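Novice: First the structure, then my questions, so here it is.
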Amino acid sequence: NLTCLDHIIQVVTAVIFTVHQEFLKQGEPTSARCDELESLRKRGCDAARIENPHGSQKILKNKAVTNRKKGAEKLRPEDITQIQPQKLSLNLRSGEPQNIKLKFKRAEDYPIDLYYLMDLSYSMKDDLENVKNLGTSLMKEMSKITSDFRIGFGSFVEKTVMPYISTTPAKLLNPCTVDQNCTSPFSYKNVLKLTSNGQQFNILVGNQQISGNLDSPEGGFDAIMQVAVCGEHIGWRNVTRLLVFSTDAGFHFAGDGKLGGIVLPNDGKCHLENNMYSMSHYYDYPSIAHLVQKLSENNIQTIFAVTEEFQPVYKELKNLIPKSAVGTLSANSSNVINLIVDAYNSLSSEVILENSKLPEGVTITYQSHCKNGVVNEGETTSTQTHQLSSTAEAANKPESIKIKPLGFTEEVEILLSFICECECHKHGIENSDMCHNGNGTFECGACRCNKGRVGRQCECRKDEVSTEDLDKNCRKDNGTDICSNNGECVCGTCECKKRDNPEERYSGKFCECDNFNCDRSNNKLCGGHGRCECRVCICDANYTGSACDCSLDASTCLASNKQICNGRGICECGTCRCTDPKFQGPTCEICPTCPGVCTEHKSCVQCRAFGTGEKKDTCERDCSYFNLIKVKDRDKLPQPVQAFPLMHCKERDANDCWFYYTYAVNNTEKEVHVVETLECPAGPDIIPIVAGVVTGIVLIGLALLLIWKLLMIIHDRREFAKFEKEKMNAKWDTV
């Protein structure tokens, strides 16, 4: 955002400002001068009167990274540079990011300090035997990586109180069984300070004895804390610091001390007396977060060498501790050297940048450019070149932040300053006559009043007029609302509120006007064809209406015959309103129910629905002007409604088959619903006819035979009766 110059402008989202004295409208606050660049230009602010400051950066210390090969002249650790630049200053403006380029290069043959911290509870007895010769073997292996390597050794068991150990006198002397010779239990012991003498490591570690405790989790966190914070006792240098934590068990953490009556939180300080941790009975175990803090502060990278059984637990712990690794320790620690080398290579293969606490409103994002060209964005980055983007969201007092790669002592210091006002503030005229007889400083086109004065021109004294009298001048028509509830009454004059959207403004003597509460059309203020002034649309040329949604241009209403709405309607707001109900469409030229409609569309319906008819060869070209919808039967055809006219059609094709369809125009969309099956007259069925004729002939023949037979029976009976009668007559004649 930009600013049309005002009195002191805070860098929140904008500092683009105009010095135009007559820029503000009545009721607008002086803060309205601060706005986006495009918005100021639209309001008539000259580019020459706009201030738009930008952030800047300056490199203060830029020592090149050390570039040397192994075997070259030996350098002191403090003379080696791995990150560049080392110090710079940023002048930040709110909302404008500043990009910084950091280069990191891991120096070859860089010194390494390694401290081996081992669990000496009884279960680690066989592991101790293998670690006794670790010094010289590890020195030999690490010489392939660096010529300056030091190694130290420490051990831990558990807090020396119940229920972690047995406190009976005999068990305090020998916590193991009678046939085992074990040393007294202890919390943490610094056996060997960091040294380059591998033989000394072997001798001292060879003299160590196993101890014992009662519970399975060990007190390793107490030991890690002391190793991290007791730098002088351990002998840490400002070089790569590695802590190897070797165990075959879990760990106690903050809160577990309550089992032994220990309630004081761990203080994170060194408590070594004669190389023994002396306050294990007094302070609780440290929390994981506390360990992370101290390990990070002291640039220590941790390698957890644990047995297979506890891998899942320590992998979860690794995810909480930056720059740490987990390796699988064999049952007797025989693979510890390979484990350490592999873990070191894993840790050194990446660089994690960490920044100190940022001032409120400031953010930093990282982008890394690795050797293989892959770019990853996020809070953690890989090696080589890093692009940082720093952004401020608000003005703050000058501060400094530090960025460093985890596990290294080197860091980049960034001095932050913030642009809180425009340049024109430096050229203000104190006690200017433009501020009511010198009652303020005229700067950036507006008055900044002296103490005790108020008003746009500092024309009022705070104790001159009562608040009630001042407020009376800010009420419209003697109403109750001050400045229409859209502003504040300052010295009897309304200063309107500023909206979140810079395009929206209140104005007017009583802040009764605004430019965003006008009528809308198509979800656009004033239909997108006008501007809103005091809640009324001022329409552009050729537009009218309360929302400027009515076009006065009649060209869109001209029909193909050059008549307005085909002579069958009225052009209203650029759209035809058809007065003849039979006609419709954008220019009242479509009549779906007029005679001849069915005949007109018959050929196209035939070819589209059935692939027949006169236009079957030109169907795609001539008949794509309507949407075709097929239905199963005549009952599914749409019925006439008042919304739009609809014509039912029944037509016959060349095969004397009937097809049924409807034609309608729905909001300029032409729709045809057609019954998908033709209704054709059925042809004669020969087989039933022949069967009927044959059956009829047979039946008639049978009937005739039956009649003949019946007649013959009747005739025979008559003849027989006649014979009998004549026979009887003959007998009488004989007598």
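For all residues, glycine too, the Cβ spot is worked out from N, Cα and C.
According to TrEMBL, the domain 'Integrin beta subunit VWA' annotation covers 16-422. The disulfide bond annotation in TrEMBL covers Cys176-Cys182, Cys420-Cys424, Cys435-Cys447, Cys491-Cys526, Cys496-Cys511, Cys532-Cys537, Cys539-Cys548, Cys571-Cys576, Cys573-Cys619, Cys578-Cys588, Cys598-Cys607, Cys623-Cys657 (among others). Annotated domain 'Integrin beta subunit tail' per TrEMBL: 598-685, in sequence order. Sequence annotations record features per position, and here TrEMBL assigns transmembrane segment to 686-708. Residues annotated as domain 'Integrin beta subunit cytoplasmic' in TrEMBL: 709-735.
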Novice: Measuring Cα to Cα, how many Å separate Cys623 (disulfide bond) from Cys548 (disulfide bond)?
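Specialist: Cα of Cys623 (disulfide bond) to Cα of Cys548 (disulfide bond) measures 40 Å after rounding.
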Novice: Using a 10 angstroms cut-off on Cβ to Cβ distances, just flag whichever of Cys176, Cys548, Cys571, Cys607 is the loneliest among these disulfide-bonded residues.
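Specialist: Output over disulfide-bonded residues Cys176, Cys548, Cys571, Cys607: least Cβ neighbours within 10 Å is Cys176.
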Novice: Roughly how many angstrom lie between the C-alpha atoms of Cys511 (disulfide bond) and Cys526 (disulfide bond)?
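Specialist: Cys526 (disulfide bond) has its Cα 21 Å from the Cα of Cys511 (disulfide bond).
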Novice: Of the disulfide-bonded residues listed here (Cys176, Cys424, Cys435, Cys548, Cys588), which is spatially closest to Cys532 (disulfide bond) when Cα positions are compared?
Specialist: Cys548
Novice: For Cys657 (disulfide bond), what is the tally of other C-beta atoms lying within 10 angstroms of its C-beta?
Specialist: 15
Novice: I'd like to know the mean pLDDT over the domain 'Integrin beta subunit VWA' (16-422).
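Specialist: The average pLDDT of the model in the domain 'Integrin beta subunit VWA' (16-422) works out to 84.
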Novice: DSSP on the domain 'Integrin beta subunit cytoplasmic' (709-735): how many residues come out helix, how many strand, how many coil?
Specialist: 26 helix, 0 strand, 1 coil
Novice: So which disulfide-bonded residues are near Cys537 (disulfide bond), with CA atoms within 10 Å, out of Cys447, Cys496, Cys526, Cys573, Cys578, Cys657?
Specialist: Cys526
Novice: Between Cys182 (disulfide bond) and Cys526 (disulfide bond), what C-alpha distance do you get in Å?
Specialist: 92
Novice: What residues, ordered by sequence, lie under 8 A Cβ-to-Cβ from Cys588 (disulfide bond) and sit at least six positions away in the same chain?
Specialist: Ala559, Cys565, Asn566, Arg568, Gly569, Cys576, Cys578, Asp580
Novice: Could you state the whole-number distance in Å separating the C-alpha atoms of Cys607 (disulfide bond) and Cys657 (disulfide bond)?
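Specialist: One finds 14 Å between the Cα atoms of these residues.
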Novice: What count of other C-beta atoms do you get within 10 angstroms of the C-beta of Cys619 (disulfide bond), across all chains shown?
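Specialist: Looking across every protein chain shown, the total is 18.
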Novice: When neighbour density is defined as the number of other C-beta atoms within 10 angstroms of a residue's C-beta, which of the disulfide-bonded residues Cys435, Cys496, Cys537, Cys623 has the lowest density?
Specialist: Cys623
Novice: Of Cys176, Cys420, Cys447, Cys571, Cys573, which is closest to Cys657 (disulfide bond) if I measure between C-alpha atoms? They're all disulfide-bonded residues.
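Specialist: The answer is Cys571.
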